[in-house]
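Participant: Before I ask anything, here is the structure I am working with.
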Amino acid sequence: MRSPAPSLPDIIAALATAPGRGGIGVVRVSGAALAPFARALTGREPKPRHAAFTHFVDAVGKPIDEGILLYFPAPHSFTGEDVIELQGHGGPVVLQLVLARCLELGARLAEPGEFSRRAFLNGKMDLAQAEAVADLIEASTVVAARSAVRSLSGVFSDEMHRLTDALIDLRMLVEATLDFPDEDVEFLENARALERLDAIRVKLERVLERARQGALLRSGMNVVLVGQPNVGKSSLLNCLAGDERAIVTDIAGTTRDAVRETIAIEGIPIHVIDTAGLRETADPVERLGVERTWREIARADVILRIVDARVGPQPGDDAIDAALPEGVERITIFNKIDLCGLEPARLQHDDGVVIQLSAQLALGVDLLRSELLRVAGWHAHGDDVVLARERHLVALRDALTHVVAARSQCGALELFAEELRLAQIRIGEITGEFSSDDLLGVIFSRFCIGK
């Protein structure tokens, strides 16, 4: 079970807005008994949940800035502790002065994710919801952001709690019967235990598939464009991105370094990487670009092998194909079909899918977008998906393995009950009901400072 919240008497403070200049900057403070802290900082008594225009003053009462003071007494705050927010002007110098004054008054700088960690430890949110805070901040598409909001509101956690409740109910029945070994078989039949177990398995499979879709929304996939020089890799990147991000010329070898662009296809972030043309070259700069291309290929989820449709695959293309890593999805692109009379098409060949298109005229590019979604395994609707992380997928897969194992142990209730217990623990790790301090440290250390 989750450990009781430790005593956290210290006060933490941090900038809650991004570094740089802006119209407004926010300093957030959390801790115990912050009313005297607010009085020392503003010279006035803070009123709970009331926006007060005031001066923020230094140790001798000299104004540092003026702005809005918000005071949220415990437990009705984000962290469950007293929280104050100081909303002032968004200049980096003045914000640092306000933050320094907070430190003078006894606060310390918050660690990354410490506000969210305190919210979790004080029961204001579970671990999946806390992770959704970071995912919402980092969301790169509208669909991903909306899915993160659903996770933050507890939709994903509610599913985990329903699965946990079903496992607990079944465990209670099993363990209550362990004192009567002669009735094991009758119990399983009369309590419809296997029926209940099968229902849990079906629910787990559905949740796992939705989590896979959510993980795809969160992380997207890396797509690397490879091919010989001047086959239209940069033109294809620009076409997909809708912008001239890569230099396009008739001179072979123009792209010397990887050019990255993230595009959204039905809300899925697709990280497209245009690379240097793969060929033998004496140019040391171009040769360095080719070496970087191979490093990008090693990290690819999908490789788009670009070929000039006017001439088809060349001997150099065979060498490239032979050197590509095994197990990585490949799509062959016949580009420049507008120059040779071919029509846009998706063709299934023995060695994989071929897309005929013209990047220059944007003909057939929708076929490529659809193929990328198919390869990614995306078949959900954004409104049904909640964001998930790799650790969620691992926990759900493990829980499913234990549920399946329990089905095979229906003749031995002790083993049956143990598999149910292990499945419950794995699901509980998602919401933080069962979590080690090491896991919490890793998760919250990846948050930004002010959350």
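For all residues, glycine too, the Cβ spot is worked out from N, Cα and C.
Pulled these features from Swiss-Prot for this protein:
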- Arg28, Glu85, Lys124, Lys451: (6S)-5-formyl-5,6,7,8-tetrahydrofolate binding site (BINDING)
- 230-235, 249-255, 274-277: GTP binding site (BINDING)
- Asn230, Thr249, Ile251, Thr254: K(+) binding site (BINDING)
- Ser234, Thr255: Mg(2+) binding site (BINDING)
- 220-377: domain 'TrmE-type G' (DOMAIN)
Participant: Do you know which of the binding-site residues Arg28, Lys124 has the most other C-beta atoms within 10 angstroms of its C-beta?
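Facilitator: By the 10 Å Cβ neighbour count, Arg28 comes out on top.
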Participant: If we check Cα distances from Asn230 (GTP binding site), which of the binding-site residues Arg28, Glu85, Lys124 wins as closest?
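Facilitator: Out of the listed candidates, the nearest Cα belongs to Arg28.
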Participant: Whole-number answer please: how many Å between the C-alpha atoms of Glu85 ((6S)-5-formyl-5,6,7,8-tetrahydrofolate binding site) and Lys233 (GTP binding site)?
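Facilitator: Glu85 ((6S)-5-formyl-5,6,7,8-tetrahydrofolate binding site) to Lys233 (GTP binding site), Cα-Cα distance: 49 Å.
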Participant: With a 10 Å radius around each C-beta, find which of these binding-site residues (Asn230, Ser234) has the fewest other C-beta atoms nearby.
Facilitator: Asn230
Participant: Of Glu85, Lys233, the binding-site residues given in the record, which has the fewest other CB atoms within 10 A of its CB?
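Facilitator: Counting other Cβ atoms within 10 Å of each of the binding-site residues Glu85, Lys233, the minimum falls on Glu85.
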Participant: To the nearest Å, how far is the Cα of Arg28 ((6S)-5-formyl-5,6,7,8-tetrahydrofolate binding site) from the Cα of Lys233 (GTP binding site)?
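Facilitator: Checking the Cα atoms of Arg28 ((6S)-5-formyl-5,6,7,8-tetrahydrofolate binding site) and Lys233 (GTP binding site) gives a distance of 47 Å.
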Participant: Between the Cα atoms of Ser234 (Mg(2+) binding site) and Lys124 ((6S)-5-formyl-5,6,7,8-tetrahydrofolate binding site), what distance do you get, rounded to the nearest Å?
Facilitator: 48
Participant: Work out how many Å separate Lys124 ((6S)-5-formyl-5,6,7,8-tetrahydrofolate binding site) and Lys233 (GTP binding site) at their Cα atoms, rounded off.
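Facilitator: One finds 49 Å between the Cα atoms of these residues.
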